[in-house]
Amino acid sequence: MKTTRFLFFCFLLAAFASCHNNAGKTGENTTDNGETVKIGVLHSLSGTMAISEVSLRDAVQMAVDEINASGGVLGKKIEPVIVDPASDWDLFAEKAKELLIDKKVSAVFGCWTSVSRKSVLPVFEENNGLLFYPVQYEGEECSNNVIYTGATPNQQLIPAAEYLMSEKGGGYKKFYLLGTDYVFPRTANKILKAYLLSKGVPNENIIEEYTPFHHQDYQTIVSKIKRFAADGKACVLSTINGDSNVPFYKEFANQGLSSATCPIMAFSVAEDELRSMDTEFLVGHLAAWNYFQSNDSPENKKFVEAFKAFCEKKGLPGGSKRVTDDPICWAYTGVYLWARAATKAGSFDVNKVRTALSGLEFDSPDGKVKMDVGNHHLAKPVMIGEIKPDGQFDIISKTDNLVSPQPWSPLTSPDKDCDWVNHKGTYTK
Amino acid sequence: MEKKIYYLLFIAFFALLLPAGHLMGWVSINTISLWGRYFCFAIAALGIDLIWGYTGILSMCQAFFFCLGSYGIAMHMLLKTSGSALPEFMVWNKVESLPFFWVPFQSFGLTLVLCLVIPSLLAFVIGYVLFRSRIKGVYMAIITQALALAMWLLFLRNETGLGGTNGLTDFKTLLGLPLSNTYVKLGLYLMSLLLLCVAYFACYQITHSKFGKVLQAIRDSESRVSFTAYKVMDYKLAVFVVAALLAAIGGMLYAPQTGIITPGRMDVKASVEMVMWVALGGRGKLKGAVAGALLVNFLYSICTSLFPDSWLYILGFLFVITVLFFDKGFVGLMDNLTKRKEPCY
Amino acid sequence: MKNMLIAALVLWTQWAMAATDSTTIFVSQILHDSEKTYAIQQLVARQDPQTFALLNAINNKKLYLFNNEAVTTGEKNGTSSYEIYSLYPKNELLVNKNGQPLHTSIDALTVVEISRADRLLLNGILPILELFSPEPAKRMLAYGQLKDSHAPHRIEMLQVALARETNTDALRAGKDILYAIQLNTTTDAQTAKRYIDSLAENWGDNAPVFLSAYAKSKKPFADYAGQKASSLERKYDYLQKVQNLFSGLSLGSILILIALGLSIVYGLAGIINMAHGEFLMIGAYTTYCIQTLFTEVLKVPYTDLLFIISLPLSFLVAGLLGLLLERLVVRHLYARPLESLLATWGVSLILIQTARSLFGDLTAVKTPAFLSGGLAVSPHLVLPYNRIFIIGLTALIVLLTYLMLYKTRIGLQIRAVTQNRNMSACLGIDTKKVAALTFFFGSGLAGIAGCAMTLIGNVVPDMGQTYIVDSFLVVVTGGVGKIVGTIVSGLGIGFFTKILEAFFQAVYGKVCILLFIMLFMQYKPKGLFPYKGRLAED
């Protein structure tokens, strides 16, 4: 009988613990009070996505340390609240609620996969939070509560295809669209296909194919590519994700294909993934991003040095051998954008910060970038890189101007656009 | 009598005090929904306790049944949200018309029926095949685990028309009520609590009936039960279906409160975790199952926020130590502690 | 053939004499002008051997200016200085006044920017630049690229190159292209038939493509070419089936390697070890650590020997950690299989997280040179050495396990305890010691499996999870604790998976396998080779 009593008191305690948690916070909730301002960091530190997301947490932490060292924002130090959504999509939503409602953070920096973003989106919209999302994505979304610092399709996919079709890039005529079976590749290929068709590439010269996650056996697919490439200038546009890349590139080389005959343009292979991979088979192939570590501007050199030093100082795995890449750069930039906007607005209030973000310019490691006035995305340069043996990229093409973001691709949704200043978000033209 | 008071206090606390606390502004709605979700897990845990704790069958695919319930209700909500248009994920999957198996989910009544019938039917078929050939013990555990893996892989595919890795998300209404509304959330929470109480009571009745006694007899010695002319298979099959049903009910309440359902909820890990709740709480005791589900999930929520880098160690050690030293779980530990204090005669 | 070679050389020399002046102009245009495209086009068209070094430097993006002279970098000397070679008109190592090689840092050189577009212009003659490369692989690629290039004299160049070709694969690839070009350019019907036959007989990689392309044309013997193409396709499909069987064998042996330890431990101690996969991971990380330790800490140059010594060491490390686990956790759980399943699952969580915080997430081990590449049974059936190695390793391990279990005293004891623990204890066997030893051995086997797995994939903290459910299935299907059962069911599941994958996609193949096993269990609920007798009940 006493067990039941014990149990009951345990629950009482647990429930009170969770209540007390918020009760305490509700008193000093308005983050403007006190010495610090809280931000949430919502990146998976365990589970399957930890491979990619841990680096983003490090980048955010570094930006926070730098800002704090130079006096903080509006006279307050930034206090990051780091939680682990454990690659568990339900937990992403739960943690987002906790950060916004209980911890009252001013902004959240996080998410990698599309599914995690989709999972937290309703939470941010309901509670009017602000999420900085640093990864390139499939577009077709334009929330008032998300600041998309990663690329939209027209900032990555279209320039890459354009490059390959151009005289300078090799004038390729046939395209093999290969990807892992999830939302980004599916949408990306839909847009790419529409683009290629609009440029007069005949339908039979475009092949679309998907493999499951963690697919390892690319024999049949590569021999298909080989036949496809046998009678004409062909290239592969790859949205293959994560650990499937090495087997694919290996098989590609084993069957006698090379970057000279049939280059692979990858949209999901960055320096951080190549860090400790055997890059032997990847050398000479291409990738399209908005940032490469090999960008030799002084700002970027400083950033790369600082990141390596930060990882070494904190004793993070990899230490000074760590590299930067596109998502890391945008995760880092995101924090600065938020800090600048808060300074400009003179407040941490979400609505004021959002207004201040519109049209904001910032000198990122990648050079000058500019927030779009209306659609919450970032205008930035587009680069094509060639993989080198050390896992770095040789930048072989770079746009002269910043490319404006288009969350709704004019190719697949010609009648849609997004503007939060003159319209209420997504509107039909 | 004293016992009953605590049960009533437990209900009163969660049914009255927490909502009242929310209305007074002490408890955030997030905490309420969180506990609502724990209750869904507790309902599923009751099912696991029935088959594992009482009957001794270790089934490692309960998360799959849980997800079947969730997916069913999520399909309904998604159809209602998107109205006449196709759900968003079908558009980028280039699906032109609504797949046939989505059609029945347009009606709420039919959805409810299907959410209960499909998992029970599947559990019946799987159970029939497994129990008929007297697969038990570790064999049963491993085969059901492989089954969970296979189903997980199937749900991950985009061709199956269930949203692939992204699962189903962005539902806005249930029965015309906006899910973002605080009172709807509160209602769902109370609904979960109510169903947990009903499920607990039903399981209590089952375990204290003759049927329940036979189940425990099967756990203790299956051959002897069959020698005494009981049809062991029928009993096992029945309890397997009941457990699947409970999991599905938990799942149905879970989806609207979480706002997303993905195949991630049904991978191999998820099923083992569910069994761990019961093991930690104390198997063979219904209150153990409920306590385990609530406490482990509470810890999971707390630890991933407080110790983002080391929570896996904490949970891992907790599992190992519980299994090693407190094989009756948390409830058993409490029993031991309290017994020692009683005077010996 | 020799005459031809001489003729070709003479030809070159003559062009060279006539065109040297304008070539020099084009070279200086490349070096100093902003408009380089025309100059490169001209050089490419001329195919002057004297410019090949320069063109190669352009292709490798190593063209620099040094004292107004075109140079490229050679061997690295020290941390940042390189040897440098002049490129045109002479290609030689630059020396300083004392006749010593000149070393310069890369900063002292001016980069000559050549756009990718301009570099791609070289694609046309790259094959010719590389037809005479010392590496067979480069030559093979070069032959392949010649097909689409419109380089003049390509047939002559090909014949010259093939005459001195020594590598059989490269020879086949070269002939493939040569015959195809000749077939497409010939006008005589009988010659065409001869080339079709030669193409089919030579059976290079692209032969079916060439033949079916030819079959679509209206040229003589088009149908004949079509027949030849489809017969080649049939032969190819047949070989593909053999390849599939090999993949099945290879998958099966991996499963056996993992399941063997699992099966022995379960048979003896009634423990289902969910952390078994993590011992595999430990084995892989041991291999990784040994490599890192020797090459980065002790600064010993990498040798393939490191991988060989990793094999026993990963057995030892994984085995010892297994022993530790047995002493700390598992010994409390003997004969409580379901509890052991849960406790070891907790252990696996801890191990994965430990690996993650120690090593980070993505690491890989360098594949030893003697295990990269493959055994070409026929030109179209290449069996990768790493897979063959794993199959051989599995066979050896199975043999050793068999000898250990059936020919040694400790093996006898293990079998006795497996059959009846109490009775063995009565007869004076120290059952605790035997159990601990078995656990050591089982975990060690997983460690070896992990070491072998580094040949196939990356080393990541959750690598153990990939195969663990499958290897559980192997144990269950085979009958727990039986070596024969493990082998038969491991191979069976491996073969069936690969055969089904050929028909369905991998995912549906997996679902089919599972249904098949469930049906199979209807007839053999205790696996293929169950223990018989009263002992087997309960």
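Every residue, even glycine, has its Cβ placed from backbone N, Cα and C.
TrEMBL labels come from automatic prediction, so no person has curated them.
Marked as transmembrane segment by TrEMBL: B:7-29 (among others).
Annotation source TrEMBL lists transmembrane segment at B:35-54 (among others). If you look at the transmembrane segment (B:35-54), the same-chain residues 6 or more away from its ends with a CB under 8 A from one of its CBs are 14, 18, 62, 65-66, 185, 188-189, 192-193, 195-196, 199-200, 203, 206-207, 212, 215-216, 219, 239-240, 242-247, 249-251, 253-254, 257-258, 274-275, 277-278, 281, 283-286, 288-290, 292-294, 297-298.
Annotation comment: TrEMBL describes B:61-79 (among others) as transmembrane segment.
Feature annotation from TrEMBL assigns transmembrane segment to B:99-131 (among others).
Feature annotation from TrEMBL assigns transmembrane segment to B:138-156 (among others).
Under the heading transmembrane segment, TrEMBL lists B:186-203 (among others).
If you look up TrEMBL, you'll see B:237-255 (among others) marked as transmembrane segment. Long-range contacts of the transmembrane segment (B:237-255) within its own chain (CB-CB distance under 8 A, at least 6 residues past either end) are made by residues 36-37, 39-44, 46-48, 50-51, 54-55, 57, 59, 62-63, 65-74, 77, 112, 115-116, 118-120, 122-124, 126-128, 131, 168, 171, 188, 191-192, 195, 199, 203, 206, 211, 215, 261.
Under the heading transmembrane segment, TrEMBL lists B:311-331 (among others). Remote same-chain residues near the transmembrane segment (B:311-331) are listed as 276, 278-285, 287-288, 291-292, 295-296, 299-300, 303-304 (criterion: CB distance under 8 Å, separation of at least six residues from the stretch ends).
Fewer than three CB pairs closer than 8 A are found between the transmembrane segment (B:138-156) and the transmembrane segment (B:186-203), and contact between the two stretches is not assigned (pairs 6 or more residues apart).
Counting Cβ pairs closer than 8 Å to the transmembrane segment (B:7-29), the top stretch among B:61-79, B:99-131, B:186-203 is B:186-203. For the transmembrane segment (B:99-131), the residues of the chain that approach it from at least six positions outside its boundaries are 61, 65, 68-69, 72-73, 75-76, 79-80, 140, 143-144, 147, 161, 175, 232-233, 236-237, 240-241, 243-245, 247-249, 251-252, judged by C-beta separation under 8 angstroms.
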